[in-house]
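**Student:** According to TrEMBL, the protein has these features:
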type     : residues : note
DOMAIN   : 19-253   : domain 'Amino acid transporter transmembrane'
TRANSMEM : 25-46    : transmembrane segment
TRANSMEM : 67-87    : transmembrane segment
TRANSMEM : 107-127  : transmembrane segment
TRANSMEM : 170-187  : transmembrane segment
TRANSMEM : 193-211  : transmembrane segment
TRANSMEM : 232-253  : transmembrane segment
């Protein structure tokens, strides 16, 4: 009612009341990892770009798509952060759908969960495909004469068409999904795990390799303003990665101390 009952402040939760000083530092660093995870999409850019048609040029189309994607991602993440804090203050939970101990209105929570399922169904495919391709190509090179690796069977599916099935691909991908699902069940530490994944993939794949390739390809002179700016950005992102990794590991360890699987 008017938001007057909410506890807010420029520095967020109050040290000594809501959390200890050390916990607040760890949570802040962990949040940096969560933010980094939202932008760690470089690993799939080339996979997506490879599927684009050659006209217009793939790099130009991908540049526009990346710009739009980054802007939309930033808008929605900032919206969740700002509106969430405006609505719930220092008590804003890590998960808006399940962090309050109640599930009403049911229709709103159900719609939110439905959208999450739709998002994750697509995102899981995008991030898993490079892993699938890596293992399957390695298997074909290792055992090029094996029918298990190269033999494909055509299966007709009504209303869908022909599905080309490979035994190794079916077994390997099924096992992979089972293992990742089991790990998600055993370690449901959403914020800590997302922070860790974001931290360890953000700097090398999203910052270091792309910037180094740009400097080399564009032949940017050393110690020029552009070169210095990119290097400073790289160092800053490396620091973010290191502190977010340490904080996420600390969060996982702390949660494991009190968590009982199943």
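Backbone N, Cα and C define each Cβ position, glycine as well.
Keep in mind that TrEMBL annotations are predicted by a computer and have not been checked by a curator.
Walk me through the surroundings of each of these features.
**Tutor:** Residues of the same chain lying 6 or more positions beyond the ends of the transmembrane segment (170-187) and with a Cβ under 8 Å from any Cβ of it are 128, 131-132, 135-136, 139, 193, 252, 261-262.
Proximity of distant same-chain residues to the transmembrane segment (193-211), defined by a Cβ-Cβ separation under 8 Å and at least 6 residues beyond the stretch ends, is recorded for 30-43, 187, 230, 233-234, 237-238, 240-242, 244-245, 247-249, 251-252.
Same-chain neighbours of the transmembrane segment (232-253): 25-30, 32-33, 36, 187, 189, 191-193, 195-196, 198-200, 202-203, 206-208, 211, counting only residues six or more beyond its ends whose CB sits under 8 Å from a CB of the stretch.
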